[in-house]
Amino acid sequence: MAATTVPLLLLLAATVAAAADLSVYHNVHPQSASPLESIIALARDDDARLLFLSSKAASAGAASAPVASGQTPPSYVVRAGLGSPAQPMLLALDTSADATWAHCSPCGTCPASSLFVPANSSSYAPLPCSSSMCPILQGQPCPDRDPFDSAAPLPSCAFSKPFADASFQAALASDWLHLGKDSIPNYAFGCVGSVSGPTSNLPKQGLLGLGRGPMALLSQVGNMYSGVFSYCLPSYKSYYFSGSLRLGAAGQPRAARYTPMLRNPHRSSLYYVNVTGLSVGRSPVKVPAGSFAFDPSTGAGTVVDSGTVITRWTAPVYAALREEFRRHVAAPSGYTSLGAFDTCFNTDEVAAGGAPAVTIHMDGGVDLALPMENTLIHSSATPLACLAMAEAPQNVNSVVNVVANLQQQNLRVVFDVANSRVGFARESCN
């Protein structure tokens, strides 16, 4: 049910100097000029992403930090540097992965147009298989020490990870990571040296792990960023402007409203929040009891994720949301399906303002009223619009709700790990 607190006013975020502020860009621009068709194309790989999110359970007491998240690159990238001197890199933002990784030279099978060259960095160092990071990446086990030379160094940590129809072979290494004006020494990352299998679906850039595990950015930098980062993601309709990744407590929006961050020990990378209900317009969505319940043993609950395109709700939640949304719109000719969307209607038949806002209610009195551009996607070619949410695929993920990047666009989303909370404030970053 909807919270009885005053609705969240999504105010412009304060623009104060931050510890590090990096521009965020779209990974690729969709070829279609129509926002609706563009989103449908981008969301085709969401099933693989959802499979990744719903299958991250590790054995009790174990950590999991895959070198690559999902089977498709996240939609947003930042410019960074790696090595000494710094070699420019594009790294995809991923709040659901811990490990940072880069394509490294020599690699004749890597799809990247530019590779990080370890030989050109004076500070590059491969990490041995005895490193505490190696088991986290499920690296190959260390061999027994040479009985004739106990002082002989152990080999470097090597590991492989599946990705789509291919797999990465990589080495665990450390080097300087440069983010904006900040430089971080001895940053552990995966250096991809070869790829086997087809590479058509592999990302052409590296990845910046922003999850919650021991290899993630906040874990590796200690108190440098006070356990806080945020981002504002530009709309998919924005071609000439960028959002930002803000690292550190300074400059985070004072107007942000916070909800508690939940922790699942079996999916330790993910940012869970407790959703208490949905509203369409002023009407609460009537979902079955327990539909939003957080359950670490099954992974059930709601995750805030930067890499999924379209927000997905479990079957009973989405069915109730769709029914309430259609009741408000009352499209005379009914509704059609297009791609992942099943609630598309003729906008010529619906009066302006006939499409109601969707509000996500969370613990802590956070009522996140989504702007219309985050709720409804229009076609520029036809008088058609679609509810920009969908049901979680039953064959992929039946228990996890995912608040995706389309619904986060033009919001400042704050991940305050130090205080176990997630915040939201309105900010135009187009």
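Each Cβ is built from the backbone N, Cα and C atoms, and glycine gets one as well.
Heads up, TrEMBL stuff is auto-annotated, nobody curated it.
For D94, D305, the entry in TrEMBL reads active site. Summarising the annotation, TrEMBL assigns domain 'Peptidase A1' to 76-425. Taken from TrEMBL, the feature signal peptide applies to 1-19.
Cβ neighbours within 10 Å of D94 (active site), excluding its own Cβ and spanning all shown chains: 25.
The 10 Å shell around the Cβ of D305 (active site) contains 27 further Cβ atoms across the protein chains shown. The separation of D94 (active site) from D305 (active site), Cα to Cα, is 8 Å. When pLDDT is averaged over the domain 'Peptidase A1' (76-425), the result is 87.
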